[in-house]
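Just below is one structure, and these are the notes that go with it.
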Amino acid sequence: MTPIQILNGSGLGHFGKKQKPAHGGRLKHGRGNSKYGGGTSYSHGFPKAKPYDICLCGNRRSATISTGSLNEMGHTEMEGAKQRVLRPGMVLLKRYITHKEQVEIVKKCRYLGIGPGGFYQPGYQDGAKLRLQMMCLGMKWDPMSRKYDDTRPVDGSEPPCIPREFSLLVKRAIQDAHALVKKEYHVSNVEDILPLTSPDICIVNFYTTSGRLGLHQDRDESRESLCKGLPVVSLSLGDSAEFLYGDQRNVDNAERIFLESGDVLFFGGKSRHIFHGVSSIIPKSAPKALLEETRLRPGRLNLTFRQF
Ligand code: SIN
Ligand code: MN
């Protein structure tokens, strides 16, 4: 993201109030490896954090994912859903991710999330906590330093790789977004409007129903990536979110949309630097079938892909 960067000296917008420091200040840094054993013990100088399980299963076996790959799971649900170009470089594919794909994504995120480098509640430089659980895939983004790295300073763990199925889904979604842009703008080169990307970073956020994220820009990726306007690709699963975006860090002037389970949002090109944030999560809005099959906790799972 630079996902969660604080937007001014005074902190987040009113819906993004930071939580009080849970640990009274900065955690110590160093090398080591996280374990998901829980408790308050230390391993190689790092506090062993209790893993956050995004599902209510409590059963290790249910974390096992099935063998099918996402791109073999059927068609997208473009037909009938409202696909929209919100502004140049910003495209919303409504209910794009199939139910089956959503189930697989939740299961995989749950599986990775309880392992090394999995979900944790990150903090800012001043010790305040973000109101979400985060896990990075591919590269680690650190909200404290606002930098990408190979390991996570809080426990020295390496981020898991981005599952191939996720990358294939993003690739397919970009092709469909391009088709939509072409229809809307009648341009010969759609990549001028929405550049092509090969994401090597995925930041996975889980918001409980009280979770939120203040208005911010994603601008910690490489200068080249930002200059080219390589898009952020965002997948939403579970409960819906009220998502705000605009050209300024101003909640009152921001546009508001609802991101529902299965939606894919792109912001690249001229929209790469929009301010955006999540003002609220809508309780009990997740598809029932998804909850039944995954036992996903109340809340919202969001994956944002970007190319460093
Ligand atoms: C982010 O900006 O990093 C996440 C946005 C979202 O949760 O939709
Ligand atoms: Mn962001």
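Placement of Cβ uses the backbone N, Cα and C atoms for every residue, glycine included.
Taken from TrEMBL, the feature region 'Disordered' applies to 7-40. Under the heading compositional bias 'Basic residues', TrEMBL lists 15-32. Under the heading domain 'Fe2OG dioxygenase', TrEMBL lists 198-308. According to TrEMBL, the feature Fe cation binding site maps to H216, D218, H276.
A strand conformation is recorded for H276 (Fe cation binding site) in the three-state DSSP classification. In the domain 'Fe2OG dioxygenase' (198-308), helix, strand and coil residues by DSSP number 19 helix, 48 strand, 44 coil. Counting neighbouring Cβ atoms within 10 Å of each of the binding-site residues (H216, H276), the lowest count belongs to H216.
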